[in-house]
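Chemist: As annotated in TrEMBL:
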type	residues	note
DOMAIN	20-97	domain 'Nas2 N-terminal'
REGION	97-125	region 'Disordered'
COMPBIAS	110-123	compositional bias 'Low complexity'
DOMAIN	137-183	domain 'PDZ'
Amino acid sequence: MKMTEGNNDAAMTITANDVKNLIKKKDDIEEQIKAYYDVLEDQGVGVEGPLVDAEGFPRSDVNLYQIRTARHNISCLQNDHKAIMVDIEEALHKLHAREKSKREQDASRQGQAEAMEQGQAEAMEQDGPLHAPFARVEGISQGSPACRAGMRVGDEVVEFGSVNTGNFRNLQNIASVVQHSEGGNQLTCSTLLQKPLRVSVIRDGKPTQMSLTPQQWSGRGLLG
């Protein structure tokens with residue numbers, strides 16, 4: 001497998017298995033070369049030993065055809081060995097380059113995610129100090145307004161519309177805010193002015209914000 005720097009598609013598809021296959025081919029070539037060297041050793045001539053006697057006649061004490069064949073094959077296999085070593089070096093270089101690029105991309109994505117998370121936290125801090133939680137979500141009905149807004153069981157509520165720790169007295173405060181924000185179909189004063197409620201919670205120790213519009217749905221209540 002011959003590869004060049006201009007072959008971008010091949011560079012992108014090089015895998016560890018491709019490198020293993022190249023190394024296996026190299027090992028096979030080396031075994032063949034060794035086998036032919038063994039043939040020459042058995043004949044007692046090696047790679048450079050003479051094939052004619054002192055008078056210039058072909059030697060009769062060795063198998064000339066076998067020796068010439070072994071020497072020729074060794075020469076060809078050595079060229080193949082050089083070529084595949086180049087292929088292995090190029091494949092390793094491209095494999096390492098691809099892995100490095102992947103690590104850099106993963107690190108970049110992680111950095112972007114951390115930056116976004118930090119930005120969200122800073123935005124919440126800029127909106128005002130975070131109050132202590134005054135309620136905890138114990139249950140969420142599937143398909144309810146609260147579920148669609150992204151609330152989860154275990155969320156600790158620190159702000160629900162205009163209600164926070166500073167002015168919370170009891171759950172009637174929540175009910176009052178919900179009634180004035182209901183997204184119904186009748187054009188009453190409250191519905192004309194209705195807008196999604198800003199809800200702030202602490203989830204897994206981190207502040208999270210969402211918008212929740214109380215409204216009639218298939219279940220009970222306006223939140224679910």
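Using N, Cα and C of the backbone, Cβ positions are placed for all residues, glycine too.
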Chemist: So what's the average pLDDT for the domain 'Nas2 N-terminal' (20-97)?
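Modeler: The predicted confidence over the domain 'Nas2 N-terminal' (20-97), as a mean pLDDT, is 91.
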Chemist: Using DSSP, how many residues in the domain 'PDZ' (137-183) fall into helix, strand and coil?
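Modeler: Taking each residue of the domain 'PDZ' (137-183) in turn, the totals are 15 helix, 7 strand, 25 coil.
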Chemist: Give me the DSSP three-state residue breakdown of the domain 'Nas2 N-terminal' (20-97), ordered helix, strand, coil.
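Modeler: Here the numbers are 58 helix, 2 strand, 18 coil.
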